[in-house]
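S.K.: Look at TrEMBL and you will find D62 tagged as active site, nucleophile. What TrEMBL records for D64 is active site, proton donor. Under the heading Mg(2+) binding site, TrEMBL lists D62, D353. TrEMBL lists D64 with the feature GMP binding site.
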Amino acid sequence: MERCSYVMPGAEIRRPSVSLFWLPLLSVLDLIPPGVCNLLNSSTIYSNNEVSLAEVDIYGFDYDYTLALYSNALNTMIYNTARDFLIENFKYPEGIRKYDYIPNFAARGLHYDIQKGLLMKIDAFHYIQLGTVYRGLNPVPDEEVLRLYGGTHHVPLHQVSGFYGKVSRYGPKVKQFMDIFSIPEMTLLALANDFFISNDIEYDPEHLYKDVSVSEAIGMVHIKGYMYKWVMQDLEKYIIGGEETYAVLHRLVSHGKKLFLITNSPFSFVDKGMRYMVGKDWRDFFDVVIVQADKPHFFNDCVKPFRRLDGNGDLQWDKINSLEKGQIYKQGNLYDFLRLTGWRGSRVLYFGDHLYSDLADLMLRHGWRTGAIVPELDLETRVVNTEQYAQSLTWLQALTGLLERMQMHRDSQSMEVLQEWLKEREELRLRTKNLFNPQFGSIFRTCHNPTYFSRRLCRFSDVYMASISCLLNYDLSYTFYPRRTPLQHEAPLWMDQLCTADAKPSLE
């Protein structure tokens with residue numbers, strides 16, 4: 001029986017010439033719809049839910065990685081400072097200092113097994129994607145992964161970190177990293193693990209996690225204000241896309257929209273960045289400005305009252321009975337915010353980068369519209385638009401269909417071909433994964449399932465985009481319609497996707 005293998009453009013493939021079914025000679029390129037390699041645009045806004053901008057009167061924004069996007073230089077500084085803190089304050093071996101930051105090693109949405117010291121990608125059904133489990137800088141063989149997890153690659157719900165991605169002292173031991181600021185933390189964990197393993201030094205992965213995490217080395221960078229100081233001292237080096245932030249705010253206000261800002265960052269930091277991006281009168285754009293809000297607690301409790309800051313950023317002692325334009329407020333809570341503004345329901349669209357801290361409560365508890373900022377879309381859409389990706393995915397899908405049809409035949413010749421096809425399918429999956437990130441692949445898909453991150457993205461955001469500048473491409477009365485993705489039992493009627501230039505990506 002003739003094997004059907006992956007071929008380069010222009011080459012021909014023939015399925016096994018048996019009585020199971022017959023298909024003519026084909027080229028992989030024959031299976032690819034015309035224009036598919038230019039289908040996606042990184043400036044597109046993608047919708048999980050139908051949203052009419054004509055119904056939105058109030059736009060809210062987070063600051064970090066929403067209004068202000070940062071260069072990779074910031075991740076490098078966070079990593080270097082936290083690494084040196086481990087060495088100088090926790091007396092970690094000096095040899096760790098030789099490990100420089102690796103910009104493209106980790107990816108957002110990964111999970112970390114605190115007890116085992118493993119970094120991995122998990123899909124929407126809590127299954128580990130084999131081939132994406134790393135101990136230090138080295139992949140863990142699939143057989144070892146299965147042994148470590150009791151003969152399965154499923155991670156039970158009770159082992160995964162809580163709703164906001166946090167790990168309690170006595171709770172779950174698998175931590176999810178959801179925000180972009182967590183990438184230096186994942187990288188430091190991997191590199192520190194690698195140092196101990198490479199040098200055959202006995203250590204406890206749980207102690208390492210605690211020393212690196214947001215409560216210690218990484219947390220010190222934020223709590224002691226190092227990150228704020230670096231950015232404020234060199235805005236041009238760290239902040240990108242400021243002119244587009246100005247354009248978005250100006251356009252919204254000129255169309256009569258109300259704007260507000262809710263951020264965990266301090267006023268001095270936000271003020272310096274906004275002056276750089278928007279101008280000294282940036283506060284004129286906003287009807288309400290709230291700093292050091294302590295999200296996600298701002299959205300889910302009613303304990304902290306609002307405090308007003310004066311022009312120098314000093315706390316005032318007056319009782320807050322209204323939220324006034326031109327004033328700066330600190331802390332507070334959403335319940336008082338709703339009571340004082342009356343801004344409720346689908347009239348409000350709030351943008352943020354953290355699916356839990358920024359968006360989850362607003363959608364689940366309060367009915368606001370939510371927009372997720374996912375800068376990784378820029379790279380992902382560039383990959384999806386390549387001919388190499390289109391060819392790999394097309395043949396992978398075709399090969400999977402052949403496997404599905406062939407599996408009923410149990411003669412030795414058919415079984416031999418099936419095994420060859422299964423091997424080729426794994427090779428194609430690996431090749432497709434590596435186009436995005438050699439270690440972990442796309443942040444949106446495992447081999448075929450959505451990732452754990454992707455599932456949360458669909459659950460907690462009505463729309464998502466690479467940056468708020470994508471709003472500049474749409475009329476403010478535009479309605480976003482989600483593509484009707486067929487359920488497994490439904491007919492694959494996808495003509496709306498074939499006829500629309502900004503169809504959603506089908507990753508890996």
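Each Cβ is built from the backbone N, Cα and C atoms, and glycine gets one as well.
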S.K.: Would you mind reading off the Cα separation of D353 (Mg(2+) binding site) from D64 (active site, proton donor), to the nearest angstrom?
M.R.: 8
S.K.: Just to be sure I understand the packing, how many Cβ atoms besides its own are within 10 Å of the Cβ of D353 (Mg(2+) binding site)?
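M.R.: 23, counting other Cβ atoms within 10 Å of D353 (Mg(2+) binding site).
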S.K.: What count of other C-beta atoms do you get within 10 angstroms of the C-beta of the residue listed as 'active site, nucleophile', across all chains shown?
M.R.: 25
